[in-house]
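Novice: The active site annotation in Swiss-Prot covers D65. Taken from Swiss-Prot, the feature disulfide bond covers C451-C497. For N93, N288, N351, N572, the entry in Swiss-Prot reads N-linked glycosylation site. The annotation signal peptide is assigned in Swiss-Prot to 1-30 on the grounds of sequence analysis.
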Amino acid sequence: MAARLPLAACVVAFHLCLLLSSLVRSPSTALRRLSEAESSLVRHGHGVGIRPAYHFLPAKNWQNDPNGPMYHNGVYHMFYQYNPLGAMWQPGNLSWGHSVSRDLVNWDALDTALDPTAPFDYNGCWSGSATILPGGIPALLYTGRIDADKEVQVQNVAFPKNPADPLLREWVKPAYNPVIPLPADVPGDNFRDPTTAWVGRDGLWRIAVAAKVGGPNGIASTLIYRSKDFRHWKRNASPLYTSRAAGMVECPDLFPVAEPGVEEGRLGYASGPASGAVRHVLKLSVMNTTQDYYAVGRYDDVADTFVPEVDVERNADDCRTWRRFDYGHVYASKSFFDSSKNRRVLWAWANESDSQDNDIARGWSGVQTVPRKVWLDEDGKQVRQWPIEEIETLRSKRVVGLLGAQVNAGGVNKITGVGAQADVEAIFEIPSLEEAETFQPNWLLDPQKLCEENGASVPGKVGPFGLLVMASSNMQEHTAIFFRVFRHNQKYKVLMCTDLTRSTGRDNVYKPSYGGFVDIDIEQQGRTISLRTLIDHSVVESFGGGGRTCITARVYPEHAENKNSHVFVFNNGTGLVKVSKLEAWRLAMASVNVVHGR
């Protein structure tokens with residue numbers, strides 16, 4: 001592949017030189033600063049008790065999809081869907097917010113990178129991706145919404161005005177946009193979200209774009225486009241992947257994964273898929289379920305098609321049966337390759353679950369999950385995720401408690417010293433699995449329903465056991481993250497749940513139960529299972545079984561305004577559970593996009 005890059009480099013460089021005569025400017029000049037009133041609202045206003053302290057969010061207003069995260073010349077860039085005019089989704093106002101960081105934890109806000117100012121995007125600059133071109137020049141591919149009445153979506157490109165600017169503060173849109181117009185066989189409102197581009201063995205660039213082909217009732221498709229110059233794109237005859245049952249998919253993401261024990265950086269790519277000998281992950285966000293699904297499989301880099309490798313209980317042709325990156329309240333995830341540390345990093349949008357009126361009153365809405373490292377599990381069937389190591393720099397006071405403690409049936413033990421801003425790691429040991437309840441096969445494809453019917457307050461045999469977080473002193477409010485173990489075909493099935501039914505005393509809040517199965521052999525693990533939970537006021541991210549199953553939740557306890565939250569270990573099963581490891585840390589506040597007024 002590297003031998004083919006000079007052809008693409010020469011052609012792309014030629015077209016970049018022509019930009020100065022055909023630019024549509026995107027205004028962006030300085031750090032976005034808060035007025036004194038705005039800064040006061042962020043620090044002291046309504047809802048400050050639930051505002052995250054170390055998760056990524058703008059100082060104010062609405063954000064949704066992560067767009068074009070990248071590492072460039074020593075700086076991390078985060079672009080995101082942003083409404084500069086308020087704390088609600090207004091599709092015609094959507095811009096690309098832009099922040100920069102040296103460590104993926106602390107962020108400085110810049111002015112918006114892309115605003116809906118041109119004929120090819122004047123009803124919204126929607127989601128897309130970043131690609132580092134030969135010569136080190138980044139490019140942004142994004143969806144432009146050009147007709148709100150007819151809902152026409154097209155694909156555009158933008159480049160930095162000054163590539164030598166280390167912060168890439170200003171971006172320009174060539175007047176030759178759109179680079180990909182709406183296809184004749186795709187409805188106007190179903191063509192969006194171009195991926196990071198990659199170069200095939202033939203020297204041509206490729207991107208994938210989500211579409212519904214064949215009309216309003218058409219087939220959910222991930223289309224492939226090819227180009228030699230990053231300007232003129234031609235659609236491939238075959239889609240990368242189709243799913244008739246899915247309706248409409250969004251925000252596709254295709255990337256290679258190294259076999260277990262091999263660093264991803266040795267695959268020899270920096271921005272997209274590698275050769276057909278390497279296994280890949282395809283992620284699709286399904287609009288009618290608002291969930292992200294992925295499969296490990298084979299990408300044919302000649303035909304530009306993807307074949308999922310799925311278990312017998314899953315359907316390769318229906319992506320809604322695939323595994324999920326997160327079984328909680330996240331959507332529109334986007335990954336990038338971090339060349340500085342040879343790792344793939346994943347972001348995802350965690351929307352609010354509160355009422356829109358409360359979002360508006362607070363003045364902000366939407367956060368991103370903590371950035372997660374992603375790699376292929378040893379079983380070759382699933383990926384694992386873990387908070388990037390930089391999150392650990394926020395750890396301050398360390399608490400070691402309950403080590404070796406036995407939690408009897410109905411027991412609740414407090415972890416003293418941590419509350420609403422914490423990182424908790426625990427390993428639970430089950431002395432005996434003999435009493436595990438029998439698993440019913442019809443539970444397999446709906447773990448969330450199983451969690452809803454068997455919440456933390458429902459006693460079981462082996463479980464529920466786990467953590468109670470964001471808990472009030474009287475336990476009337478709490479969020480439960482727990483496991484249940486079932487007997488299944490001479491082995492055991494582990495269910496992980498996050499139960500929000502008692503997360504708040506308020507009624508106008510979405511309080512579901514989330515759930516996913518943890519694909520491990522708990523007997524081979526010595527009858528143990530691990531849980532790591534990051535607590536950040538209204539955000540609770542949990543990683544079960546070493547990151548094989550992840551659940552993110554948004555919670556809004558009334559007691560949070562009093563800043564008096566607690567963490568407990570609990571066991572509501574009939575058998576005892578041993579806490580063989582428990583470490584917890586208070587986490588410091590990160591500096592995230594808050595700049596005091598002038």
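Each residue, glycine too, has its Cβ placed from N, Cα and C.
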Novice: Which residues in the same chain, at least 6 apart in sequence, have a Cβ under 8 Å from the Cβ of D65 (active site)?
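Specialist: Result: Y80, Q81, S127, C251, Y331, A332, K334, W349.
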Novice: Just to confirm: which same-chain residues, 6+ apart in sequence, have a Cβ under 8 Å from the Cβ of N288 (N-linked glycosylation site)?
Specialist: A246, G247, M248
Novice: With an 8 Å cut-off on Cβ-Cβ distance and a minimum sequence separation of at least 6, pull the same-chain contacts of N93 (N-linked glycosylation site), or say none.
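Specialist: Counting only residues 6 or more apart in sequence, the Cβ neighbours of N93 (N-linked glycosylation site) under 8 Å are N83, P84, L85, G86, P116, G124.
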Novice: Hey, what's the Cβ neighbour count for C451 (disulfide bond) at 10 Å?
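Specialist: Result for C451 (disulfide bond): 27 neighbouring Cβ atoms inside 10 Å.
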Novice: Which has the fewest other Cβ atoms within 10 Å: N351, N572, the glycosylation sites listed?
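Specialist: With the glycosylation sites N351, N572, fewest surrounding Cβ atoms within 10 Å: N351.
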Novice: At the Cα level, what's the spacing in Å between C497 (disulfide bond) and N572 (N-linked glycosylation site), rounded?
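Specialist: Checking the Cα atoms of C497 (disulfide bond) and N572 (N-linked glycosylation site) gives a distance of 14 Å.
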Novice: What number of additional C-beta atoms lies within 10 angstroms of the C-beta atom of C497 (disulfide bond)?
Specialist: 29
Novice: How big is the Cα-to-Cα gap, in Å, between N572 (N-linked glycosylation site) and N351 (N-linked glycosylation site)?
Specialist: 30
Novice: Helix, strand or coil: which one is N93 (N-linked glycosylation site) in, per DSSP?
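Specialist: DSSP call for N93 (N-linked glycosylation site): helix.
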Novice: In whole Å, how far is C451 (disulfide bond) from N351 (N-linked glycosylation site) when you measure between their Cα atoms?
Specialist: 21
Novice: For N288 (N-linked glycosylation site), which DSSP three-state class applies?
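Specialist: Once the DSSP labels are grouped into three classes, N288 (N-linked glycosylation site) ends up as coil.
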